[in-house]
Amino acid sequence: MDKTVLVGREAVDRLFGPWTISRNEVFAESPLSFAFVNLKPVVPGHVLVAPKRVVKRFSSLTNDEVADLWQLAKVVGHGLESSAHDLFPDASRSRKPEYSLTLCIQDGPQAGQTVPHVHIHVLPRKEGDFENNDQVYDEIDDGEKGLTKQLDDESRRERTREEMAEEAGRFRALFYD
């Protein structure tokens, strides 16, 4: 796996728009970006990659930030996809599924972005995870719409901070020795 993009974890909390992402939920970092687990994943392994600098729109990123952001998304996606069978075991299937990736950005409120911070959704995908393959985008959109309420209201979180930290620890092991 290409680990050249990764830097040592700074072990600091990161801003995601107006909210703070705990250092325990961050599992990979590059010089200008960070990857973290999702509060309400659409599929197992659905994570986010964002620039360290809080930037609302993709066009406001520097060229270096764009390159760094997509390079980290590539490394994270490859790591999750290639380890998916171990990370997301599916006892209901008689054979191991093949995995692919969905990577997407919602750039601006009219595109469904609710957190004012550029971020790439990285989703490990397997056959049959949605009846209609493009339904994943509706799910991401629905999740984004509810995200701001959930981030503001601790009692409405689908996953606890402890669950998210545990998942981040499993993912971190893919990228750091």
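Cβ from N, Cα, C; glycine included.
Break the domain 'HIT' (26-132) down by DSSP state and the numbers are 30 helix, 27 strand, 50 coil. If you look up TrEMBL, you'll see 26-132 marked as domain 'HIT'.
Per TrEMBL, the feature substrate binding site maps to Asn38, Gln106, Gly112, Gln113, Thr114, Val115, His121.
Sequence-remote contacts of a segment are chain residues at least 6 beyond its ends whose Cβ falls under 8 Å from one of its Cβ atoms, and for the motif 'Histidine triad motif' (117-121) they are 15-17, 42, 46-51, 54-58, 60-61, 69-70, 73, 102-107, 140. Here TrEMBL flags 117-121 as motif 'Histidine triad motif'.
Here TrEMBL flags His119 as active site, tele-AMP-histidine intermediate.
Under the heading site 'Important for induction of apoptosis', TrEMBL lists Tyr137. Spatially close to Tyr137 (site 'Important for induction of apoptosis') yet at least six residues away along the chain are Cys104, judged by Cβ distances under 8 angstroms.
The region 'Disordered' annotation in TrEMBL covers 142-164.
Annotation source TrEMBL lists compositional bias 'Basic and acidic residues' at 143-164.
If you measure from the Cα atom of Gln113 (substrate binding site) to that of His119 (active site, tele-AMP-histidine intermediate), you get 9 Å. Considering only the binding-site residues Asn38, Gln106, Gly112, the residues lying within 10 A of His119 (active site, tele-AMP-histidine intermediate) on a C-alpha to C-alpha basis are Gln106. The binding residues for substrate are recorded as Asn38, Gln106, Gly112, Gln113, Thr114, Val115, His121; their greatest pairwise CA distance is 16 Å.
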